[in-house]
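One structure is given here, and the rest of the page talks about it.
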Amino acid sequence: MPSPPQNSSSSTNLDEKTWKSAPLLMLMLVLPVVTFITTYAISLSNGKQQYPYLFLSVSIESKPASCIGTFGLSLTCLLAPFLAFIRYSYVRKEIQSQLGADHDDYEKVKLWNRRNLYLAIFAGIGGHGVSSFQSTTEEGGSKALVGIHLIFATWFFFGGSSYCFVSHWLDKKLPDLGTAKERMWRKLFCYGTLAQFFTICVFFPFIVFFFGASDEMIAIMSFVEITMLGTFMSTYITFIDEFKNMSYRIMVFRTDRHYSLHETDPATSNFM
């Protein structure tokens, strides 16, 4: 992340240490996979989850799977917006270098790059809501709790699908953003998540409401939900090469100086 101008009294007190972004991205990608493998293994083995109800949310309904699911998914939903902010900063520089302030679409592309960051934050909050409000009517649960869970699930998938769509739109406006293969995969994930979102949130509810749901239909709905999460998260996979060349530093700024987690002068260090 770019640092603002520094005054002479503080610049000599700061270590230039940064953290590489790629390991954090890899953690965010691996964490939900490990989380759901664990929760499915527990829930299927103890009988809390059975065919055809193979939804992601059913795997985290009952303890101890719910504890593992809430921890893993909440951490994932915290990391995703942070990583989206790192890429937002990178794309902002690409907009300046590839388009320039005189380009007709300069302000428009800047605006949608910022909105894409908001969509990642929006999706992260929705995902945290999904993990916090498990869709169970047992052990003190209620239909209202199921309703809250479904609202957050729709919130999460809408935010995730929109993030994929805007990422692809940015690719079309910035021809040198990423490799041809990365751009191709982002296009695929974009239209894939939109199709899956429509299927799981519009088509299937319509069919169930008017015609009911067979076991096969419920199993297919479960499969689409699982693959939709995978498609959305796979968009972040296309950022790996970019993140290999990026680092970040956590700092806090005040009018007279700024603070870092790494101070070189003990007499002036002020950890916050």
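Yeah, the Cβs are placed from backbone N, Cα and C, and that goes for glycine too.
For 21-43, 63-86, 117-134, 146-167, 188-211, 217-239, the entry in TrEMBL reads transmembrane segment. Positions annotated as domain 'CWH43-like N-terminal' by TrEMBL: 24-245.
If you average pLDDT over the domain 'CWH43-like N-terminal' (24-245) in this model, you get 91. Outside the transmembrane segment (217-239) by six or more residues, the chain places 25, 28-29, 32, 51-56, 80, 83, 87, 123, 157, 160-161, 163-164, 167, 178, 182, 185-186, 189-190, 192-193, 196-197, 199-200, 204, 207-208 with a CB less than 8 A from a CB of the stretch.
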